[in-house]
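Database features, via TrEMBL:
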type	residues	note
TRANSMEM	B:25-42	transmembrane segment
TRANSMEM	B:54-74	transmembrane segment
TRANSMEM	B:86-105	transmembrane segment
Amino acid sequence: MNETDITQLWVYLSAKPLTGLTITLVAYAIGFWLYQKSDRNPICNPVVIAIALIALLLKATGTPYATYFEGAQFVHFLLGPATVALAVPLFRQTETLKRALPVIAFGVLFGSLVASASTVILAWALGASPETLASLAPKSVTTPVAMGIAENIGGVPALTAVCVIATGIVGATLGPMVMNMARLKDWRARGFAMGVASHGIGTARAFQVNETAGAFSGLAMGLNTLATALTIPFLWHWIFG
Amino acid sequence: MIAAFALILVCQLFGEVVSELFDLPVPGPVIGLVLLFVGLLIKRKPPKVLTDAADNLLIHFSLLFVPAGVGVVTQIDRLKGDWLPIAAALIISTLLAMVLTALLMSKLLPKAKPGESLEDGQ
């Protein structure tokens with residue numbers, strides 16, 4: 001095949017939804033393989049590797065994001081059902097929840113507010129644009145919900161998705177170090193804080209370190225999803241009109 | 001399995017309808033999550049097909065973030081313009097929220113049982 005044939009073949013293939021879908025799964029499989037190889041080092045996050053690989057491929061071939069998304073939307077669609085499915089792991093924590101409900105509820109609301117308020121104030125003080133502020137505000141909750149919130153308060157969902165993933169990686173890599181420095185020893189408190197501040201990526205990390213920490217992290221992540229989704233949009237519209 | 005996926009989709013659809021109908025700022029899937037959670041609390045013992053379906057959806061939860069994340073290619077200019085506030089918020093706010101929440105919870109939770117604290121040789 002000469003070069004024109006290859007170009008024509010790519011033009012044909014890139015217009016098929018199958019290509020975007022296949023690229024997504026292959027890139028993630030490569031990312032996940034590297035993650036396993038690195039002994040599950042949070043810096044080798046499979047999502048980040050997959051995004052980087054696909055972004056480079058799109059750039060190298062000059063394919064617009066919209067064309068890629070025609071195929072990738074089938075994966076993207078599953079975010080909604082997966083969010084609903086979070087009810088199941090949350091339900092498994094019912095016993096823990098019952099034992100210390102007021103403390104847990106207060107902790108989640110506190111963490112949710114500190115995470116979003118400190119984000120907005122800091123980014124605002126450093127001169128971020130209003131769309132960037134709205135995109136950053138829900139960065140500590142799991143991606144699909146954060147994107148929904150960002151869309152509602154005037155942010156850019158794509159920017160939110162990237163910031164949420166980066167938040168998870170920061171929390172999972174630097175979080176345990178900073179909590180050691182603060183002499184925090186209670187696994188329950190440490191896991192809980194990981195889940196509140198850095199959602200699923202933090203929870204995955206907490207489970208690797210200690211099972212109690214993982215369970216509390218999962219619980220905090222699930223409840224924080226609810227707390228943030230139920231408070232931030234209302235607060236935002238109330239404060240900024 | 002089909003019935004379980006159908007149930008999950010019904011919860012989501014209900015959430016989307018409620019969110020749209022009452023013009024709520026809460027995303028539809030979150031309302032679906034609450035609905036399913038309440039259903040599980042009432043039922044107490046969830047059917048295995050449902051928990052299996054949910055676990056299967058969640059086992060590679062992070063894969064589902066990839067298409068949206070690739071959207072970063074459309075945001076390069078914004079990232080360049082606002083890189084400092086974004087980086088500061090990502091690092092400082094995340095760690096601040098984490099440490100303050102952990103401090104609060106270590107004060108408020110009932111005393112740790114053996115094995116629940118780092119000092120127990122873990």
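Positions of Cβ are set from backbone N, Cα and C atoms, glycine also.
Those TrEMBL annotations? Automatic predictions, nothing curated.
Cβ atoms under 8 Å from those of the transmembrane segment (B:25-42) belong to residues 7-8, 11-19 of the same chain, restricted to positions at least 6 beyond its ends.
Listed by sequence, the residues of this chain that lie at least six past the ends of the transmembrane segment (B:54-74) yet keep a Cβ under 8 A from its Cβ atoms are 4, 8.
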